[in-house]
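Some features that Swiss-Prot has for this protein:
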COMPBIAS  104-127  compositional bias 'Basic and acidic residues'
REGION    104-143  region 'Disordered'
COMPBIAS  132-141  compositional bias 'Polar residues'
DOMAIN    182-287  domain 'HIT'
SITE      Ser188  site 'Interaction with DNA substrate'
REGION    207-211  region 'Interaction with DNA substrate'
SITE      His265  site 'Interaction with DNA substrate'
MOTIF     272-276  motif 'Histidine triad motif'
ACT_SITE  His274  active site, tele-AMP-histidine intermediate
SITE      His276  site 'Interaction with DNA substrate'
SITE      Lys291  site 'Interaction with DNA substrate'
ZN_FING   331-353  zinc finger
Amino acid sequence: MPLCWLISVEGNHKPILLPHLQAVVLGRGPETTIKDKKCSREQVELQAECNKGYVKVKQLGLNPTSIDSLVVGKGSVSKMKPGQQLYIVNQLYPYTVQFKEDLSGSTKRSREAVSETRHNDKEEPCRKSSKQGEVSVSVSQKEAPKMSVRSNVHFSLLSILLSGLLSEGVGKMLQGSVGHWNLGLKASMQDPEMQVYKDDKVVVIKDKYPKARYHWLVLPWQSISSLKALRKEHCDLVKHMQQVAEQMIRQCPDASTPRFRSGYHAIPSMSHVHLHVISQDFDSPCLKNKKHWNSFTTDYFIESQAVIQMLETDGSISIKEGATELLKLPLRCHVCRKEFSNIPALKQHLNSHFPS
């Protein structure tokens, strides 16, 4: 059976083992390094279903825990799968889960060790199904006992390591998985073929799937997961990113290129903050659907200057509720606002504004 690991996207600590069917409680404290007082010491309860490849997430704290953009809700339980992100509280402190096949049988041994140390714990009450669409809870007569990360998980993991039961594959995963979420992006940042510009603070790369004739990403070398992770102390960095974006636009080799925009997606597709610098022709085979189009032509695309202003005045970035609904808006030309029923028709129309 696979082992399940909870991994801090921001790399704040080592991966945390989530034993099969054991309830693990996380929140503010040394295990997560979270110091935010809006995060309860018992903010979430996680229970891995290693044989099914998902983790049940129960919100215990008062402030919202969410999976991607979906709020779990206090007392409710939702499923989290690999590829999704768990935000412990208020869309902050992102985590992913990873399942790795256990070649040594260590899952069984670690589960038995945990059960033995906690066999006197009270049984949890049966869980109630949440009203949310993705929520699915399997109720059994006897729920697994809760365990503290500090004592049982760390003790169990230490026992596995000392007894030599941890497989080589999982051992390698432990060494490298803290940054697994952005390995592809990190590789692109370091790839001379992808780099267009770099300095000691940022690097500019070509977007792997450009949505226009010119589409670059400005990324800080510093690991920052998303807009919501930005704080006032990042203001100078974000200003520098915008300055580099303006430099890229000035140096564009195509003098006939239409105007550019530079900005951020409200909910980014990659877990490393990045500034899009994109020409407004949208002439690219990679622009294929309504989601692509609306992510750059509606308020889902937040102007770089607006982000700078929010940091200067508020010290943080606020994302409007229901931002994802903007991706479902009708297709409209961003120049004349004419509505279209499909992407091919819209692209054909764009030729009248931006001849090749």
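Using the three backbone atoms N, Cα and C, a Cβ is placed for every residue, glycine included.
Shown on the structure are the features that Swiss-Prot records.
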residue : record                                       : DSSP class
Ser188  : site 'Interaction with DNA substrate'        : helix
His265  : site 'Interaction with DNA substrate'        : strand
His274  : active site, tele-AMP-histidine intermediate : coil
Lys291  : site 'Interaction with DNA substrate'        : helix
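For the recorded positions Ser188, His274, His276, Lys291, a Cα-Cα cutoff of 10 angstroms around His265 (site 'Interaction with DNA substrate') retains His274, His276. Each of the recorded sites His265, His276 was scored by the number of other CB atoms within 10 A of its CB, and the lowest score belongs to His265.
Away from its own ends, the motif 'Histidine triad motif' (272-276) comes close to residues 182, 185-186, 207, 215-220, 223-227, 229-230, 241-242, 245, 261-265, 296, 301, 304 of its chain (Cβ-Cβ under 8 Å, at least six residues beyond either end). Every protein chain considered, the tally of other Cβ atoms within 10 Å of the Cβ of the residue listed as 'active site, tele-AMP-histidine intermediate' stands at 24. Long-range Cβ contacts of Lys291 (site 'Interaction with DNA substrate') within its own chain (separation 6+, distance under 8 Å): Leu327. Around Ser188 (site 'Interaction with DNA substrate'), taking its Cβ as the centre, 19 other Cβ atoms fall within 10 Å, counting all chains.
Taken residue by residue, the region 'Interaction with DNA substrate' (207-211) breaks down under DSSP into 0 helix, 0 strand, 5 coil. For the zinc finger (331-353), the number of residues in each DSSP class (helix H, G, I; strand E, B; coil) is 11 helix, 4 strand, 8 coil. For the zinc finger (331-353), the model's pLDDT averages out at 95.
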